[in-house]
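Peer 1: Quick one: the structure is below, and I'll ask about it shortly.
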Amino acid sequence: MGSNGEKLELEFDEEIPFSSSQGTNKIDSLHFEAPYIASPRSYLSTRVLRKMYQISLLRSIYIVIIKAKINVLLPFGPLAILLHYVTGKHAWVFFFSLLGITPLAERLGYATEQLAFYTGSTVGGLLNATFGNATEMIISLYALNNGMMRVVKQSLLGSILSNMLLVLGCAFFSGGIIHHQKVQVFNKATAIVNSGLLLMAVMGLLFPAVLHFTHTEVHFGKSQLALSRFSSCIMLIAYASYLFFQLKSQPNLYSSVSEDGENNSEDCEEDEAPEITQWEAIAWLAVLTIWISVLSGYLVDAIEGASDSLNMPMSFISVILLPIVGNAAEHASAIMFAMKDKLDITLGVAIGSSTQISMFVIPFCVVVGWFMGKPMDLNFQLFETATLFITVLVVAFMLQEGTSNYFKGLMLILCYLIVAASFFVHVDPSKDGD
């Protein structure tokens, strides 16, 4: 082998003098042809990247839009807009808008869960609660801009009641049925902190209502508004402090309680992996939020007409029907996590969402109404405030043991049915804007 290599080197050295001019010509030609040789490679690489991007985009569209069975309801959104301009029948526009928003709210929750894979569990739970409440916030801002303060108050109240009774009840019930052979456990400290914040929210809503109905205001009509704005600022500060406490100060308080943590972590690695990339999740969040905001405008415009044509109380539509649609994302994810025996995430979705609405969204709407010149206050009327107070007490008692079963879930669901029936026969004493 060595002799053959030496012979090749000698032959190569001998050929150089006889073909030096040809070699230089070849080298020169190579210099001129290099850009033209490199360009097909770059062209091929851009084509490959473009093809990969198209495949990734098509895969993302398939996963988010086509794969989920609930997306069969998506065409009802454009149909509602068409009916709004063609027929003007508010009942059909309202009904189709509800159906059209339902899959969007569920897909919004899905995109948030996908983004949570890249942000961590604590920030992911916060994102889940935030974007889960995006539908309610968008509907509330549209109604607030139209001067429909009672719709804003009742829809946000209904969202709290739906999360605490219906969503949590269905999660406890389904989780208890699946895991009936064992007791499901969750972090009791987290539940107690959230219950305390909910009771603080009840305090913020109770005093303006009592002040108004006992006629003990210093300046009638103005004092409750000033108190509401002051209390809203305090509640926002309290919620910001809660976030700092949860994320920075004592994050260990919010660690999951699990008897078989190793098995759960293995299941997470095997069963749960992100289906779309981080930027795809962010893009879908933006697209879904915009589409929900468009449909919410038509939904809010059709509420009053739907109430008259269906002969259904506005309070029932605002407190029961709107939140059920808005909470579709929380409902699906809370039940799914409960069936996987991950009750800490279930509580983070259901109770965390209620805490966020009561301590952030409601005060935020009051402050936004303040800047818009709308008299939005925390006077939710005695009937609604009493309903919220009793609900918070019932749920706090259910959570104090740190365990759940299907019977607790059934009781919460039955309590929600009582609340729904109460608002069906309830006549709102005040008009919108009062």
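Glycine is no exception: its Cβ is also placed from the backbone N, Cα and C atoms.
What TrEMBL says about a protein is an automatic prediction, not a curated fact.
These came from TrEMBL, pasted as-is:
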DOMAIN    90-247  domain 'Sodium/calcium exchanger membrane region'
DOMAIN    281-423  domain 'Sodium/calcium exchanger membrane region'
TRANSMEM  60-85  transmembrane segment
TRANSMEM  91-110  transmembrane segment
TRANSMEM  122-144  transmembrane segment
TRANSMEM  156-179  transmembrane segment
TRANSMEM  191-214  transmembrane segment
TRANSMEM  226-245  transmembrane segment
TRANSMEM  281-300  transmembrane segment
TRANSMEM  312-338  transmembrane segment
TRANSMEM  345-372  transmembrane segment
TRANSMEM  378-399  transmembrane segment
TRANSMEM  406-427  transmembrane segment
Peer 1: Checking distant contacts: for the transmembrane segment (345-372), what same-chain residues at least six beyond its ends satisfy Cβ-Cβ under 8 A?
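Peer 2: Distant contacts of the transmembrane segment (345-372): 121, 125-126, 128-130, 132-133, 136-137, 140-141, 144-145, 149, 152-153, 156, 159-160, 163-164, 167-168, 171, 175, 186-187, 190-191, 194-195, 197-198, 200-202, 204-205, 228-229, 231-233, 235-236, 238-239, 242, 256, 327, 330, 333-334, 337-338, 378, 395, 399.
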Peer 1: Going along the chain, which residues at least six beyond the ends of the transmembrane segment (226-245) come within the CB cut-off of under 8 Å?
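Peer 2: For the transmembrane segment (226-245), the list is 126, 193, 197, 200-201, 204, 207-208, 211, 355-356, 359-360, 362-364, 366-367, 370, 376-379.
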Peer 1: What does DSSP give as the helix, strand and coil breakdown of the domain 'Sodium/calcium exchanger membrane region' (281-423)?
Peer 2: 122 helix, 2 strand, 19 coil
Peer 1: Is the transmembrane segment (378-399) in contact with the transmembrane segment (191-214), using three or more Cβ pairs under 8 angstroms as the rule and ignoring pairs under 6 apart in sequence?
Peer 2: yes
Peer 1: Near the transmembrane segment (281-300), which residues from the same chain, at least 6 beyond its ends, have a CB less than 8 A from one of its CBs?
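Peer 2: Sequence-remote neighbours of the transmembrane segment (281-300) are 60, 64, 77, 80-81, 84, 93-94, 97-98, 100-101, 104-105, 107-108, 111-112, 114-115, 118, 131, 134-135, 138-139, 142-143, 146, 148, 151, 274, 322.
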Peer 1: Among the recorded stretches 60-85, 312-338, 378-399, which has the greatest number of Cβ pairs closer than 8 Å to the transmembrane segment (406-427)?
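Peer 2: By Cβ pairs under 8 Å, 312-338 leads among 60-85, 312-338, 378-399.
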Peer 1: Report, as numbers and ranges, every residue of the chain located at least six residues beyond the transmembrane segment (378-399) whose Cβ falls under 8 Å of a Cβ in that stretch; write 'none' if there are none.
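Peer 2: Hits for the transmembrane segment (378-399): 153-154, 157, 160-161, 164-165, 168, 188, 191-192, 195, 198-199, 202, 204-209, 212-213, 224, 227-228, 231-232, 319, 347, 351, 362, 366, 408, 411-412, 415, 419, 422, 426, 428-430.
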